[in-house]
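Participant: Sharing the features that TrEMBL gives for it:
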{"type": "SIGNAL", "residues": "1-22", "note": "signal peptide"}
{"type": "DISULFID", "residues": "CYS32-CYS49", "note": "disulfide bond"}
{"type": "DOMAIN", "residues": "60-210", "note": "domain 'Cupin type-1'"}
{"type": "BINDING", "residues": "HIS110, HIS112, GLU117, HIS156", "note": "Mn(2+) binding site"}
{"type": "BINDING", "residues": "HIS112, GLU117", "note": "oxalate binding site"}
Amino acid sequence: MKSVNFLLAFVLMALASSLASAYDPSPLQDYCVAINDTKTAIFVNGRYCKDPSVATADDFTFSRLIPTDTNNSLGVNATLLTVDNFPGLNTLGIAIARADFAPGGVFPPHIHPRGTELVLVQNGTFYVGFVDSNNTLFGKILYPGDVFVIPIGLIHFQVNIGKTDGVIFASFNSQNPGFIRLANSIFGTNPPIDPYTLARAFQLDVNAVKQLQAKFSSTN
């Protein structure tokens with residue numbers, strides 16, 4: 001009986017450990033404002049922490065999450081707040097983004113390898129969706145006030161299908177969820193992936209692949 005209990009305890013501990021390692025580490029202090037100065041700092045979760053005795057409310061404030069210009073080829077512009085540009089997020093396991101869309105604006109297929117995304121529509125009408133590992137599409141038309149969750153690491157997209165400008169806010173359960181735009185990561189790498197490889201993979205002509213590589217390499 002003791003051996004069974006020990007085995008059960010071991011399995012539960014292993015499961016808890018695997019779940020914990022899938023997300024940002026839990027903080028061991030109230031906060032850890034990221035800082036580059038190493039002389040008066042401690043190293044926690046990949047960042048040095050400012051001495052708590054000199055932290056201020058400004059370290060936990062970001063006041064420029066404002067509308068951005070959508071006059072570009074995709075009709076969308078986004079501001080993502082992570083620990084890189086908002087040091088107060090360090091060790092807290094959260095991030096936030098604002099995305100502004102022109103009518104018809106498209107946020108193309110992309111993934112966040114380290115964070116689940118929670119989308120809130122503020123203005124506009126959106127078609128939002130993600131694709132799971134079985135290639136099943138989960139898509140939904142969203143209106144102001146609607147919320148949609150996108151599981152960690154899955155391909156997803158947002159399209160403003162309305163006739164007016166749209167705004168989406170997205171939160172993440174990671175201080176740095178990462179961002180990989182699929183088309184750029186496939187056709188815009190440096191150095192480029194062998195065109196023959198991509199041609200076979202996507203069932204395209206090699207020249208078509210080269211044209212795509214030229215296009216996306218110029219946007220990086």
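Cβ atoms are placed via backbone N, Cα and C, with glycine included.
Unlike curated records, TrEMBL annotations are generated automatically.
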Participant: Name them in sequence order: residues not among HIS110, HIS112, GLU117, HIS156 whose Cβ is within 8 Å of the mean position of the Cβ atoms defining the Mn(2+) site.
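Facilitator: So the additional residues around the site are ILE111, PHE130, ILE150, LEU154, ILE155, PRO177, PHE179.
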Participant: For the binding-site residues listed here (HIS110, HIS112, HIS156), tell me which residue's CB has the most neighbouring CB atoms inside 10 Å.
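Facilitator: Comparing the binding-site residues HIS110, HIS112, HIS156, the most crowded Cβ belongs to HIS112.
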Participant: Would you identify which of the disulfide-bonded residues CYS32, CYS49 has the most other C-beta atoms lying within 10 angstroms of its C-beta?
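Facilitator: Buried the deepest by this measure is CYS32.
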Participant: Around the C-beta of GLU117 (Mn(2+) binding site), how many further C-beta atoms are within 10 angstroms, looking at every protein chain?
Facilitator: 23
Participant: List the Cα distance (Å, whole number) between HIS110 (Mn(2+) binding site) and CYS32 (disulfide bond).
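Facilitator: With the alpha carbons as reference points, the distance is 30 Å.
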Participant: Determine the mean pLDDT over the domain 'Cupin type-1' (60-210), rounding to the nearest whole number.
Facilitator: 96
Participant: Rounded to a whole angstrom, what is the C-alpha distance between CYS32 (disulfide bond) and GLU117 (Mn(2+) binding site)?
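Facilitator: Their Cα atoms are separated by 23 Å.
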Participant: Tell me the Cα distance separating CYS49 (disulfide bond) from HIS112 (Mn(2+) binding site), rounded to the nearest angstrom.
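Facilitator: Their Cα atoms are separated by 25 Å.
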